[in-house]
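The feature ATP binding site is assigned by TrEMBL to Arg9, Ser10, Thr11, Gly17, Asn18, Gly145, Lys146, Asp147, Ile186, Lys194, Met195, Gly196, Lys197, Ser198. If you look up TrEMBL, you'll see Asp133 marked as L-tryptophan binding site. Taken from TrEMBL, the feature motif ''HIGH' region' covers 10-18. The feature motif ''KMSKS' region' is assigned by TrEMBL to 194-198.
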Amino acid sequence: METVVSGIRSTGKLHLGNYYGAIKNFIKMQEEYNCFFFIADLHSLTTHPTPDNLHGNVKQVVVEYLAAGIDPEKATIYVQSDVPEVIELYLYLNMNAYLGELERATSFKDKVRANPDNVNAGLLTYPVLMAADILLHKATKVPVGKDQEQHLEMTRTFGNRFNRMYKHDYFPEAFAFSYSHNLVKIPGLDGKGKMGKSEGDANCIYLSDKPEAIRKKVMRAVTDSGPTEENQVKPVEIQNLFDLMKVVSSADTVAHFDDLYNKCQIRYGDFKKQLAEDMVIATEPMRSRIEEIEADTAYIRRVVAMGAEKARESAKRTIKDVREIIGFKEF
Ligand code: TYM
């Protein structure tokens, strides 16, 4: 059976981008593959280094994984820092990762631009740690959103380089995966880029948002003064809202508003009201379960303890092999 690995950083509440880019695939994949879904708390240290950030945020992601429907009996749910073997593999892979290629990574360049005062080495080697997460379980499929595609290319580069260096066909190649074939990019509500935590709260619809909060944010989303000609190409901010509608609403609803737009008859107030209601419906089952699961700390602890044990079993096997391949002596 093929192995699947994916993770989400513990930097706050999960949003629709995380759900449609990653988690929706996790839920289906757990039925078909040997799945490891983890909380990337080590990765979150690159931008969120303090303990007060860490504990609540890790718990939040575990709760939201469970609320979204990841079943700990089917998939292994673990916290990255509970599996220290990943740090060892990260170190070995770092010996074969070069400054030039790390500096060229889009995510690194974005982070440098956004926060030039915090260009730490962890940020630079972020893709190496991500490769270690994936190679640790010898995964071949990695369900992620579009923004992670380049990291998967780098993972293949590092894995293949290790294989060549030690003349061993050890690590398989891992590919970004989505059931929708094209990797997903969910836009934010600000009319610009993708939905993301660092783009601000008003830009994100969180899985835990109350219906009133969802309605407020959607009604405030950026629009223009409306089409002036029939069949006009939609400006980015309007196209983004249509793209959001495509993931939460029925095809008929999208076609209805598309038709109104093309005839210059669209009323953005009605359009946004419908979009908000469909978002409320799409998130409803998770919202109620989040509160329920959050209250059951004993259950959450059991889930991550069981996950850590299973993930370490797999990780230890890989580390034992890798040490042998590298040539460490056992006295
Ligand atoms: P992170 O925490 O930024 O995002 C977690 C997942 O959500 C997806 N995602 C989106 N997909 C579509 N549209 C959006 N607007 C959107 N925003 C977020 C991301 O693509 C991702 O799948 N580096 C990873 C965490 C990680 C990881 C790994 C993933 C660490 N190690 C190993 C896979 C395998 C990250 O920062 O994700």
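Each residue's number is its place along the chain shown, starting with 1.
Any Cβ shown, glycine's included, is placed from N, Cα and C.
Structure coloured by features recorded in TrEMBL.
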{"residue": "Arg9", "record": "ATP binding site", "contacts (Cβ under 8 Å, 6+ apart)": "Ile39, Ala40, Asp41, His43, Ser44"}
{"residue": "Thr11", "record": "ATP binding site", "contacts (Cβ under 8 Å, 6+ apart)": "Ser44, Thr47, His48, Asn53, Asn57, Lys197"}
{"residue": "Asn18", "record": "ATP binding site", "contacts (Cβ under 8 Å, 6+ apart)": "Ile8, Gly145, Leu207"}
{"residue": "Asp133", "record": "L-tryptophan binding site", "contacts (Cβ under 8 Å, 6+ apart)": "Val5, Gly7, Phe38, Ala40, Gln80, Val86"}
{"residue": "Lys146", "record": "ATP binding site", "contacts (Cβ under 8 Å, 6+ apart)": "Gly21, Asn182, Leu183, Val184, Lys185"}
{"residue": "Ile186", "record": "ATP binding site", "contacts (Cβ under 8 Å, 6+ apart)": "Leu16, Gly17, Tyr20, Gly21, Gly145, Lys194, Met195, Asp243, Leu244, Val247"}
Give me the DSSP three-state residue breakdown of the motif ''KMSKS' region' (194-198), ordered helix, strand, coil.
2 helix, 1 strand, 2 coil
In the structure shown, which of the binding-site residues Met195, Lys197 has the fewest other Cβ atoms within 10 Å?
Lys197
Could you give the number of helix, strand and coil residues in the motif ''HIGH' region' (10-18) as assigned by DSSP?
3 helix, 1 strand, 5 coil
Let me know the model's mean pLDDT on the motif ''KMSKS' region' (194-198).
88
Coarse DSSP state, helix versus strand versus coil, of Lys146 (ATP binding site):
helix
